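J.: Feature list, courtesy of Swiss-Prot:
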{"type": "BINDING", "residues": "78, 81-82, 86, 88-91, 106-114, 118", "note": "5-phospho-alpha-D-ribose 1-diphosphate binding site"}
{"type": "BINDING", "residues": "78, 109", "note": "anthranilate 1 binding site"}
{"type": "BINDING", "residues": "90, 223", "note": "Mg(2+) 1 binding site"}
{"type": "BINDING", "residues": "164", "note": "anthranilate 2 binding site"}
{"type": "BINDING", "residues": "222, 223", "note": "Mg(2+) 2 binding site"}
């Protein structure tokens, strides 16, 4: 570990394999001081795509694995950290995508940037978070969606909680949640809090052999936005293409950011339920339709973002999204 600290502190970039080894050492055989020193040195130098991919691979190596018999398998997960208190867009979008027939392995945690993260809102809906891997696999295979609460599937992260808290600043671990799905989802929509991270995380995903992904920053949000243009990098195997999309790309109208404002877990749970049942319309539904449409697109269920949005809207209007929420709530509520 000392060698890695010295190399990074001197401005040297780690290879993917070295970064993968470094995170394994952080989890298994490093002091708090060493953990803090390496994370601080990486932040000061600036993390490269190889270092991000290597850390993510190391985290996945140490994770409790979920292996449903589904291909492709989609996740909608952002980095958080965008400092907007919106509704739970990615969580609601995951339910809608699953309702459209796209197998979904949702990975999430408690709040980072808002009053309610994925785990907060699902907890408010009565979904059991501490789920067994085999049960999650069964839910994905049977109902089309399963939820993985990150702390339950990444026990190695316990070793870095203290040093991260003591540093008090963002580190490489703030980027890794979307890249470390325990089910190794091979089709992803990844939101990032900084537009400069869009190409970096896209190249990291490509190096991790993800089949298809969209990495997006939407006018300040780690989601596709309605209040402005979104910068998006599409990963298709080894190819990464960056472009800009607008709400009209999805066939949707623009709306101010305040129109998708959220609240605490209970309020966001009510919005989530209202959106998937079709009772809540307007911009909150539209931003979910856009992001679910993106998930449907990367999951192979549509040949364009607009077509994906159409399928997302149909999943809501047909009752399929509501059925998916009911299945997730009923199944996870009885698991231990």
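The backbone N, Cα and C atoms fix where each Cβ goes, glycine too.
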J.: If you measure from the C-alpha of residue 223 (Mg(2+) 1 binding site), which of the binding-site residues 90, 109, 110 fall inside 10 Å?
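T.: Final answer, ordered: 90.
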J.: Of 86, 90, 109, the binding-site residues given in the record, which has the fewest other CB atoms within 10 A of its CB?
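T.: 109, out of the binding-site residues 86, 90, 109, has the fewest neighbouring Cβ atoms within 10 Å.
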J.: Out of 86, 107, 109, 164, which of these binding-site residues is nearest residue 222 (Mg(2+) 2 binding site) by C-alpha distance?
T.: 86
J.: Give the distance between the Cα atoms of residue 109 (anthranilate 1 binding site) and residue 164 (anthranilate 2 binding site), rounded to the nearest whole Å.
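T.: Spelling it out, the Cα of residue 109 (anthranilate 1 binding site) and the Cα of residue 164 (anthranilate 2 binding site) are 16 Å apart.
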J.: In the structure shown, which of the binding-site residues 107, 164 has the fewest other Cβ atoms within 10 Å?
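T.: So among 107, 164, the binding-site residues given, the one with the fewest Cβ atoms within 10 Å is 164.
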J.: Between residue 110 (5-phospho-alpha-D-ribose 1-diphosphate binding site) and residue 164 (anthranilate 2 binding site), find the distance joining the two CA atoms and give it rounded to the nearest Å.
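T.: Between the Cα atoms of residue 110 (5-phospho-alpha-D-ribose 1-diphosphate binding site) and residue 164 (anthranilate 2 binding site), the distance comes to 16 Å.
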J.: Give the helix, strand or coil assignment DSSP yields for the residue listed as 'anthranilate 2 binding site'.
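T.: In three-state terms, the residue listed as 'anthranilate 2 binding site' counts as helix.
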J.: What residues, ordered by sequence, lie under 8 A Cβ-to-Cβ from residue 78 (5-phospho-alpha-D-ribose 1-diphosphate binding site) and sit at least six positions away in the same chain?
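T.: Those within reach of residue 78 (5-phospho-alpha-D-ribose 1-diphosphate binding site), by Cβ under 8 Å and sequence separation of 6 or more, are 90, 177, 178, 190, 191, 192, 193, 222, 223.
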